[in-house]
Amino acid sequence: MGLLSAVFGTYSEREVKRIRPIVSKINELDEVMQKLSDDELKAKTVEFKERLNNGETVDDILPEAFAVVREASKRVLNMKHYDEQLIGGVVLHQGRIAEMKTGEGKTLVATLPAYLNGLTGKGVHIITVNDYLAKRDAEQMGELYGFLGLTTGVIVHELTNEQRREAYNSDITYGTNNEFGFDYLRDNMVIYKEERVQRKLNFTIVDEVDSILIDEARTPLIISGQGEKSTEFYKVADYFVKTLVKEKDYTIDEKANAVMLTDEGFHKAEQTFKVENYADAENVELQHYVTQALKANYAMRRDKDYMVKDGEVIIVDEFTGRLMEGRRYSDGLHQAIEAKENVKIARESKTLATITFQNYFRMYEKLSGMTGTALTEENEFREIYGLDVIVVPTHKPVVRIDNPDLVFKSEKGKIMAVVDEIAKAHEVGQPVLVGTVSIEKSELISSMLKKKGVPHQVLNAKFHEQEAEIITHAGEKGMVTIATNMAGRGTDIKLGEGVLEIGGLKIIGTERHESRRIDNQLRGRSGRQGDSGESTFFISLEDDLMRIFGSEKIQGVVEKLGLEEDEAIESKLVSKSIENAQKKVEGNNFDIRKTLLGYDDVMNKQREVIYKQRSEVLEGEDVKEEILHMLRDVISDAVNTHIKEDAEDYRESFLYLISYLNDICIPTNEVNLPALADMSKEEIVDHLYDVAVKSYENKEAEFTPERLREIERVVLLRSVDTKWMDHINNMDNLKQGIGLRAFKQVDPVQAYQMEGSAMFEEMIDSIKNETVKMLFHVKVERAPERVRVAQETNAVHGDKPSAPVGPVRNLNKFGRNDVCPCGSGKKFKNCCGREA
């Protein structure tokens, strides 16, 4: 492979070569564009739109459109796209990932494909990692789009529905992945089509695409309502696990981040909870509480995985070190941690709508992304999203020096060496950016620097604006900045006066991350646009990566050398071993994400069916025909269930059948039982269907056709929503228990697909039964109105299997003693609450 690349160039190099002729065409138009007046340049937008309406494609007008944006950018922003940025723009327009190093101007690159695709009027979404960057980019680049006659919107958390709709109707819309995902889910929970805010998902450019499509891929978005389960069980389980002894009662698998009871632990659980067999299926709920309590107490670490602040447990993002205010771990883990820390335990929530980023972004007509580091995950981008990664050449060569890793025997020796290295650089005024893996490590280094009298800034980012401000100054003379690995992404570090001469920005990594990509991101903060700089990673054998995944060979080498605590070695063997450990973890994480996608694809297909049905109802389509199809299915199922060919007493079977259908759709005393005895099953179905349709026609006369059409939509919508929400939770429970099938040599994903499909069919049957029954029993004086079956209370960015939850939004249900929202005047429990 190496020889072929050397002869023919890498895949990226070959693709870039293909794009260069397009860049030449854009450059040829440069002089023409410069001669145009502002008004003539602006008029190009109208001209392009007309050409598109007359049959030209966006590819046809690409060179000219890019040339227009380039010239407008020079006039409005005083920034002119250089050739490498034009290449990046073409890559994004083609629906690929552009890997562009830090400082190469990705924000400006996005304006090229955004303008070109914005001309179609179908909308372009530009995804950023936080609200601050969304607002900043929309404001800055909005001037350019506005000059050219395109509108710009920005979606941030605090907007009203009206403001969101306006932003989505803009030609180009900026916002975070969470906001776009939640709006999609909410749009599929509305009860009137006018409440929707999003348009069809057309073209998106995802900034920091690796962070969103890979790091957060396992984290579902969840909109939830309040659950009913008591929180007392968490306290009881917490008390129990705190009595257990490590190795004797439980073991910890650090690689899998799991805690398991031993046989002795099982025995203790049986004694404590007075159950005969703890592992029995009937004790699944007890197992759930104990499992989460074990994990909370022995796998989750305070100040690393979460912090306790003002009596509240707050998740710490494992990639950025940021506090994730408002997010909660799902599946009861957050409650278990609250019990462990003895703070108020919030109730578990009930999921009302959910989707993963993997499936949300795959719905776009065209998906593209940009980042400084994507090549190490090229296979995953291609396999999961069908995206190529193209490495765009840098405008100036990278001259940063990446030093070999320094390996220390102990954590203490390593930290002392890091502090000494920072102090040395500070003496000569060289700015230093120190990357840590946790808030805890940041604070340890900070306290040691204080003792040495070295002034510094600590970035445990809570406010993105403040974070961006600190990062902006990190390249100035004498600055020392300590930050968790990815804090401040999206903000450039520009070098201050005189810094180039003393070596540029010095990067110190205090630990290797389990992903090479995160390490590369830290290195990439230095040496932007051909600046000088250097990077070094300080590693100890006590680091998590080395301890859990490092080979015994390295331990042996270090012990043979008899290193002192503060002595370090540079070794190719060690560096290679670290890289192998990282590859192993990356491969493992990819497999997990692929497996989860296998699970989520089942739900995704089901979600598409349900959301399509909802959409048809909301669009005001006449659903009478569908209701009649449901009616026939309900009758047919009832006949097949009650009438068996080999039954001895037909009369008894018919009595049960008619009694059953009387409750649903057949009026009492309307069927001649003896006449049924001479009919085949098909004839019985036809006869009963005719009786039911006649009854329904009477109902229509009673209500008027127009009123009954609206009632049909209301009832179908309510039935679909109620059953779908229950189904989501049932599928979630199925997924929790399905892993045990692996012990029986059954593929869990396959089992989940088969059983999930059967459950979905049952849900569809249940929707049909409930809808038909409600429509045949509806009364003029209490005809149902459109109401939400639940109210949103929380939106969380869900939970990876054993990883932080993302955003959840909770929905309040109607209290059982509240007045029913249907307008009957009865209490909810005596009215629609009975049907629910």
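The chain as shown is numbered from 1 upward.
The backbone N, Cα and C atoms fix where each Cβ goes, and this holds for glycine too.
Among Q85, Q466, only Q85 appears in Swiss-Prot as part of the ATP site alongside G103, E104, G105, K106, T107, D492. Cβ neighbour density within 10 Å is lowest for T107 among the binding-site residues Q85, T107. Every protein chain considered, the tally of other Cβ atoms within 10 Å of the Cβ of G105 (ATP binding site) stands at 19. When Cβ atoms from all protein chains are considered, those within 10 Å of K106 (ATP binding site) total 23, not counting its own. Excluding the listed site residues Q85, G103, E104, G105, K106, T107, D492, the same chain places M100, T102, L108, V109 with Cβ atoms within 8 Å of the centre of the ATP site Cβ atoms. Here the binding-site residues are E104, D492, and the one whose Cβ sees the fewest other Cβ atoms within 10 Å is D492. DSSP assigns Q85 (ATP binding site) to a helix.
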